[in-house]
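*Asks:* I have a structure here, written as structure tokens, and I will follow up with some questions on it.
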Amino acid sequence: MPNVLLPPKESNLFKRILKCYEQKQYKNGLKFCKMILSNPKFAEHGETLAMKGLTLNCLGKKEEAYEFVRKGLRNDVKSHVCWHVYGLLQRSDKKYDEAIKCYRNALKLDKDNLQILRDLSLLQIQMRDLEGYRETRYQLLQLRPTQRASWIGYAIAYHLLKDYDMALKLLEEFRQTQQVPPNKIDYEYSELILYQNQVMREADLLQESLEHIEMYEKQICDKLLVEEIKGEILLKLGRLKEASEVFKNLIDRNAENWCYYEGLEKALQISTLEERLQIYEEISKQHPKAITPRRLPLTLVPGERFRELMDKFLRVNFSKGCPPLFTTLKSLYYNTEKVSIIQELVTNYEASLKTCDFFSPYENGEKEPPTTLLWVQYFLAQHFDKLGQYSLALDYINAAIASTPTLIELFYMKAKIYKHIGNLKEAAKWMDEAQSLDTADRFINSKCAKYMLRANMIKEAEEMCSKFTREGTSAMENLNEMQCMWFQTECISAYQRLGRYGDALKKCHEVERHFFEITDDQFDFHTYCMRKMTLRAYVDLLRLEDILRRHAFYFKAARSAIEIYLKLYDNPLTNESKQQEINSENLSAKELKKMLSKQRRAQKKAKLEEERKHAERERQQKNQKKKRDEEEEEASGLKEELIPEKLERVENPLEEAVKFLIPLKNLVADNIDTHLLAFEIYFRKGKFLLMLQSVKRAFAINSNNPWLHECLIRFSKSVSNHSNLPDIVSKVLSQEMQKIFVKKDLESFNEDFLKRNATSLQHLLSGAKMMYFLDKSRQEKAIAIATRLDETIKDKDVKTLIKVSEALLDGSFGNCSSQYEEYRMACHNLLPFTSAFLPAVNEVDNPNVALNHTANYDVLANEI
């Protein structure tokens, strides 16, 4: 149907519809749509139908919205308004490629429409179609050459395309149009100058950049950044004398910034240790309160000189009471000689302070206050905790608590020691004690919640967080709204350890949604940053968004999701009623009655929990509806509800795992775990070339990784078991695997691996697993290798020992309950406080308790 021109009355109504849409008065907009469409002459008016659909979409009525917009487009396919509206609808559904097509169709009908061009440019930068973005910004510059956003947008397009010369020409052309007096400081002009300078530095125009920053120095607001840029450029240009003066000035401004000292050392080209120490001594005299010029020499000096400097450093900090002292010195603990000196000094202080209130019994003068001994004991607790001497650490922290039972740091440290020991319940208990001393401290509250989650106390952790969340909603929901990802990743791990895979997957998908929302939130900044001239921050934002899923929170969530989906593929959840029938066949009447009673109680409990959750959901939906009705804000449509029961019973777990894997392969390719997770997925899918790709990439990162060793042997064994592979695939596999195995059979390859890593328990465990995998008759030898605890083993830490004990229980070595018990007792003697090695409670009634107990401590893998 051709475009129908509306008469003046209806035309005014249509303008009011547009105004209502812009002002978010959607109900009024629908009234005006109805007034036009109720007239039989204009009942099929395409543009009005399209606007009605767009308005309905803003009210959350998505299906009706599409129906009206498509109808409007069919009725007036030559209208740029209809195509534009259809593009806006697609954009609201995150179908950006489709939206771009709609905008392009609209521009064919009205090539100079500013609003469509602006909307198109937003989508192009969002999708990183930089070539298309440059063309669109050029059109906008031609149409609106007086608008600053036109120039800036066009320049940014060239900058992102790394055409620095053109970007600088455009920025300079625009800068010359700005009427800013030389002595006036204008923030937006200052940002423009700094952005211009950033482009110059990225183009390696160092001399021009230095001249530029010096020319406009008076008009730049951020004076500190100017000095830092000067120092960086002068160093690169080799103008070392000038650079040294700049870095000295920077140190005068902030004597605690380690980077300034590094720059000063480079500028002065100091070759000897004495010269370096002299520089630090001079700075220390100029800035007597600064810690850094006294701390950095401790990294440089050895032996007796270190003892002398460390003695002075420790005494000053203990006397004034410096809680983060150990954190300041922790980076020195790679050097065993320095650790011994620190230990000797501080233990002597403690002994002397106890007897005579001096650091040394040979001193005179003013006595140290009682708090000095407290901080010395606090330091020693941290020191011995770092060295893995947990009994001593506990002795010192208990002594400190006995003298000052109101200091939060002491209870915090005690909880930390128990965490490192592997007793997570006790750690949570002491962190709760610390939290109770100051309930208004959000940091300690969060730490307490985190420790509770590590101990699988999910409900208690939620209650702890509820002290700082909005009233009227559950803490879990509120933390999700706030994108509190540390809490969610810890919840994922806790649910995973408890076998509540549906709940864990729900949290994984929530984290995935957060990252999607963060990416989507860029839209607000594409126009805002150009308007406010925060161009450096804007370019940094775009670059951050490009690698957003490299973040540790995403990696943790994705890794857990993949592991759970692999587990669900290997052991699909069975129908409970069928499972009960199978179990009941072999039970006596008494046992059957007991089992049925237990099941009824469990069902009743589950039903009550489900009813509570349902009531909570209904209440939240009512609140959301009320909020929408009151505010009449634009709604993006309700998200699909994440139901744990559905998530853990997906039809194809491997396909779901691949969805989480793809961002990791694109952005975290330097992490070996990415490729080993990929191998595990492709191994189950039977994709041999993709398996090969994964192990090759992992091999290039770390050829001696224990998990990779297991994957290589399983892969090679699987290839040899599949004789029906296509010839070309077999040829490629044999050629590539030959490079790794170097003409060795699997047994020899495994033996070499064990010999090479005879002092590493993690490697011995993987080698022993593969020994049993290749030859079941060698069970005893494999277990003997995995359970070695002699003095030559270097990594006898809690994490690794628990890993071995779990391997003895999970079937990696077949049935070996007696060997597990022997190993548990040996580990208990080695680590008496670790929960995983304590004698299992009520073993007769529950033989699997040990497995469940040790499984709770997987969390230590990333903590110790």
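Placed from the backbone N, Cα and C atoms, the Cβ positions cover glycine too.
Quick paste of what Swiss-Prot says about this protein:
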- 606-621: compositional bias 'Basic and acidic residues' (COMPBIAS)
- 603-638: region 'Disordered' (REGION)
- 46-79: repeat 'TPR 1' (REPEAT)
- 80-113: repeat 'TPR 2' (REPEAT)
- 148-184: repeat 'TPR 3' (REPEAT)
- 224-257: repeat 'TPR 4' (REPEAT)
- 374-407: repeat 'TPR 5' (REPEAT)
- 409-441: repeat 'TPR 6' (REPEAT)
- 485-518: repeat 'TPR 7' (REPEAT)
*Asks:* Across the repeat 'TPR 6' (409-441), what are the DSSP residue counts per state (helix, strand, coil)?
*Replies:* 27 helix, 0 strand, 6 coil
*Asks:* By Cβ distance under 8 Å, which residues at least 6 away from the ends of the repeat 'TPR 7' (485-518) in the same chain are close to it?
*Replies:* 446, 449-450, 453-454, 456, 458, 461, 465, 479, 545, 548-549, 551, 553-554, 556-558, 560-561, 563-565, 567-568, 573, 639, 642-648, 660, 855-856, 858-859
*Asks:* Looking only at residues six or more beyond either end of the repeat 'TPR 2' (80-113), which have a C-beta under 8 A from one in the stretch?
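*Replies:* 46-47, 50-51, 53-54, 57, 62, 65-66, 69-70, 72-73, 119-120, 123-124, 126-127, 129, 132, 139, 143, 520, 636-637.
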*Asks:* Tell me the residue counts in helix, strand and coil for the repeat 'TPR 1' (46-79), as DSSP assigns them.
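*Replies:* Across the repeat 'TPR 1' (46-79), DSSP assigns the residues as follows: 27 helix, 0 strand, 7 coil.
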*Asks:* With DSSP, how much of the repeat 'TPR 7' (485-518) is helix, how much strand and how much coil, in residues?
*Replies:* 32 helix, 0 strand, 2 coil
*Asks:* Can you break down the repeat 'TPR 5' (374-407) into helix, strand and coil residue counts using DSSP?
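*Replies:* Here the numbers are 27 helix, 0 strand, 7 coil.
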*Asks:* With DSSP helix as H/G/I and strand as E/B, how many residues of the repeat 'TPR 2' (80-113) fall in helix, strand and coil?
*Replies:* 27 helix, 0 strand, 7 coil
